Amino acid sequence: MELEAQGNPAMNKVLLILSCILLSIGNCGGPLIMRLYFIHGGKRVWLSSWLETGGWPIILFPLIITYFNRRAKQGTSTKLFFMKPPLFIASAVIGIITGLDDYLYAYGVARLPVSTSSLIIASQLAFTAAFAFLLVKQKFTSYSINAVVLLTSGAGVLALHTSNDRPNGESNKEYFAGFFMTLGASALYGFVLPLVELTYKKAKQAITYSLVMEIQMVMSLFATLFCTIGMLINKDFQAIPREARAFELGETKYYVVIVWSAIIWQCFFMGAVGVIFCASSLLSGIVIAVLLPVTEVLAVIFYREKFQAEKGVALALSLWGFVSYFYGEIKDDKKKKQILIETQVPQDIPNP
């Protein structure tokens, strides 16, 4: 696990697969369990945003395990934490931005069906691609540009046809506030992913997976502190026992939902930064977007959400965008391999 970004390819693949699994669990489970909280009587947006990163102490367990593993091999001189002050400050700033993003997203989930919010979040890939181009000089092809256009168009279709999707008892004003808050969350996290990649590139120290976990822990800590301030102002801590007693599924299940929400969301963030470490911020955005159909289906199955024609069109445009992007990546990969083979072919040496 103590590999630099360009370390052992086999271990890098293992970490990438593990990160994708964690990201899948968080990306599909997070919105569903958050919506479960809201549809059964939960009303605290700041609490929900706090839970998105409040599980950060979980990261201490793998950090302690890797520390004792290093200590057994290297002796007592090994460090518990590798992070230097500049990297700590950068991680703290990204954490505060993440805290704001958590609030925007929680507000949107409180107002929108999961199937709708997930389709809006698909536009995150467009924002990730744009910011990746600006921050880390991500190269584009006609296929990736096509994917960005299609994903953005999908979100646009939803914005123009929303009358039949509004939950009962919710005004148009509240619905559109949720829509644009979710879109804002999509844009902001599309900025955070390349920013994390830029932090890795600019860090004046070797980036290991242990350091990636440290970065995520600091980011989550400061995001949680940001949301804690919101909770204190909104008096959410005092409201938790009262809300638990009134929860439709029962008081015990209220706390079960809260605990599992924190755990599942931490899987999402650990998976996201892990994919960035092993590959790129754009791939992290792609994986998040590719899981859209899974979240869509789960929302319709578990919450009996409506799936109107405009959602079908938006989903089709999104899937078309995914296929376009991956087809372009496959072609580009084949081209690179061909160039590599041609450059490695030994030249005939004429006999003297």
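Yeah, the Cβs are placed from backbone N, Cα and C, and that goes for glycine too.
Just so you know, TrEMBL annotations never went through curation; they're auto-generated.
Look at TrEMBL and you will find 14-38, 50-68, 80-100, 112-136, 143-163, 175-196, 217-234, 254-277, 282-303, 309-328 tagged as transmembrane segment.
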Per Cβ pairs under 8 Å, the stretch of 14-38, 80-100, 254-277, 282-303, 309-328 packing most closely against the transmembrane segment (217-234): 80-100
Residues from the same chain, set at least six apart from the ends of the transmembrane segment (80-100), whose C-beta lies under 8 A from its own: 49, 53, 63, 67, 188-189, 191-192, 195-196, 199, 202-205, 208, 210-211, 214-215, 218-227, 269
Maximum Cβ pairs under 8 Å to the transmembrane segment (309-328) - stretch from the list 14-38, 50-68, 254-277, 282-303: 282-303
